Amino acid sequence: MASSRTLGTFRLPPLPTIREIIKLFRLQAVKQLSQNFLLDLRLTDKIVRKAGNLTNAYVYEVGPGPGGITRSILNAGVAELLVVEKDSRFIPGLQMLSDAAPGKLRIVHGDVLTFKIERAFPESLKRQWEDDPPNVHIIGNLPFSVSTPLIIKWLENVSQRNGPFAYGRTRMMLTFQKEVAERLTATTGSKQRSRLSIMAQYLCDVQHILTIPGQAFVPKPEVDSGVVHFTPLTRPRIEQPFKLVEKVVQNAFQFRRKYCHRGLGMLFPEARRLESTGKLLELADVDPTLRPTQLTVSHFKSLCNVYRKMCDEDPHLFAYNFREELRQKSKKEDDKQSCRL
């Protein structure tokens, strides 16, 4: 086995540039998949440095594409790099990197949304949740089309301490469309404050650490990108089930320009909406005339705690969906209309 010194000083041998790899394997970004490539290795080195000290770390890279960030991760002296790539066109170029870094790069042709990372790394890496984060990192320049559903999935994993977080408080550094990065890190009162802000910030310390101009990518996207770093908290700021928090937050923000009582009211059946909404806001000590963007994580903590008690008192409440009630109401109206005809 190589010594830690050897691991820490590893450098890739001379290889074709990313641009040459793209030409060699005739790779083209697929617009429908919102693919964009980072070719500047100085920039990918900078992104990887922002992840912290990766010497002897185990890294899970999602969406490596032609391998720009992959190279920078390998040059950071990692113990092992696991990449998961769905697009088979990129596998030969990644295999070239694997051949140049024997025993360091493991390639999985698969989908990050379904890949079971919790069994991929040694058991010895696992840490107690209250301990320092494990020596496991997630890094990814994700296609914009999958970045939001993937971070929601991983935030749910954080809440349940499974998936990538079976090892402990695994840190993540991910690239998003700049607007999404700003939503994830938006503070109370900001125009960008959103469902994503609350869902990320109640579970993690979230930092927008770098903006990448669109011209750094090939092909150039219409928007810039933002690199966001996540460190799961030892204790979530809202100690309720993820799905319950998600439901309260989603409803609050669906009418983001109106007072918060408007969206929160949709948590309750129409017949008792006014009364139940008033009770929720009163017991949570939340001003009904605040806009959703003005609600703090503490406000949402109180709202979720009270809503949980209301659900415990009424077992059918959590399953209530106002859209389903609207559909049923509309169907009845259509049936009445048909009878008249």
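Indices start at 1 and increase along the chain as displayed.
Glycine too: its Cβ is placed from the backbone N, Cα and C atoms.
Going by TrEMBL, these are the annotated features:
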- ASN36, LEU38, GLY63, GLU85, ASP111, ASN141: S-adenosyl-L-methionine binding site (BINDING)
- 43-234: domain 'Ribosomal RNA adenine methylase transferase N-terminal' (DOMAIN)
Cβ contacts of LEU38 (S-adenosyl-L-methionine binding site) (under 8 Å, same chain, 6 or more positions away): ILE18, THR44, ILE47, GLY68, ILE69, ASN141, ILE212, ALA216, PHE217
Same-chain residues at least 6 apart in sequence with Cβ under 8 Å of the Cβ of ASP111 (S-adenosyl-L-methionine binding site), in sequence order, are VAL84, LYS86
Smallest number of other CB atoms within 10 Å: among the binding-site residues ASN36, ASN141, that is ASN36
Recorded S-adenosyl-L-methionine binding residues, ASN36, LEU38, GLY63, GLU85, ASP111, ASN141 - maximal Cα separation rounded to whole Å: 21
Which residues in the same chain, at least 6 apart in sequence, have a Cβ under 8 Å from the Cβ of GLY63 (S-adenosyl-L-methionine binding site)? VAL84, GLU85, LYS86, VAL112, GLY140, ASN141, LEU142, PRO143, VAL146
Grab the pLDDT values for the domain 'Ribosomal RNA adenine methylase transferase N-terminal' (43-234) and give me their mean, rounded. 94
